[in-house]
Amino acid sequence: MESPPLYEISSSSSSEKPRHHFQSLDLFPNLNQNSCINNTLIEPLPLIDRINLNSNLDLNPNPLYAEEGEQEEEEEEEEDREVDVDLHIGLPGFGKPSNDAKQLKKRNGKEIATYDAGKGIENELSGKAYWIPAPEQILIGFTHFSCHVCFKTFNRYNNLQMHMWGHGSQYRKGPESLKGTQPRAMLGIPCYCCVEGCRNHIDHPRSKPLKDFRTLQTHYKRKHGHKPFSCRLCGKLLAVKGDWRTHEKNCGKRWVCVCGSDFKHKRSLKDHVKAFGSGHGPYPTGLFEEQASNSSVSETLFF
């Protein structure tokens, strides 16, 4: 009896078992192996930032030099953190700004940023910026305004502004277009006095900056400068012309209270009356003398 063909056996077995239990026959094993190898070769390389640099590969040929460089960078970062900002700005006409214009200092725990020749003033006005001008700068003041294009100087800022208009239309777009030529921004910076021992000196334990450059000029003239004005009545020397006029006007006058106290200045008498209240007031004779002096002045004007 002849054996049945193989395909009949497979057909009968396929009817008994479901098809998904069959294992697919690999008719070309060598070809499949080659395709897997090709697929592995075609895969893209990993990104550089995902490479593990802590592996056993020695990527640094000179490790000692690298460690020294890292230590130096860390020391520089620590020094930058310790020192921050002081301010010492020069006048626009006193020399050209240099590349090393900014200098860092630290005094008595106060951080200051120093600037030379007024460089970088426009960008550093915000925050706690201030100025410590030299005596020559205080006495001379802003008498020369310099053009940053041709370095021509002018005695007035308005003349400098008109001169800048001649350099091009880019300087005619309002005050913002003239940045770098305006010394008015410097005038508003708080200032410290440069005289040691002064209460407004930066090293004084109770130091306090003056409001602006003009206030510093008046302070320096009154406290540390030459006093050319002399009172013709008492001979007192004064440094500021306005103070001299006020002093001479009130020199020799005494403002008397009814309680018997007398004062040099009228405002002192007013403060006295305001502090003690009832029972105090200006002495009537002083008022009569003031009225008599006013009437004599009016008579001299009309006759």
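All residue numbers here begin at 1 and follow the chain in the order shown.
Cβ atoms here come from the backbone N, Cα and C positions, even for glycine.
Features reported for this protein in Swiss-Prot:
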REGION    1-21  region 'Disordered'
REGION    61-82  region 'Disordered'
COILED    66-84  coiled coil
COMPBIAS  67-82  compositional bias 'Acidic residues'
ZN_FING   145-167  zinc finger
ZN_FING   192-224  zinc finger
MOTIF     221-224  motif 'Nuclear localization signal'
ZN_FING   229-251  zinc finger
ZN_FING   255-280  zinc finger
MOTIF     264-267  motif 'Nuclear localization signal'
Per DSSP, what is the residue tally for the zinc finger (192-224) in helix, strand and coil?
11 helix, 3 strand, 19 coil
Segment-level pLDDT (mean, integer) for the zinc finger (192-224):
89
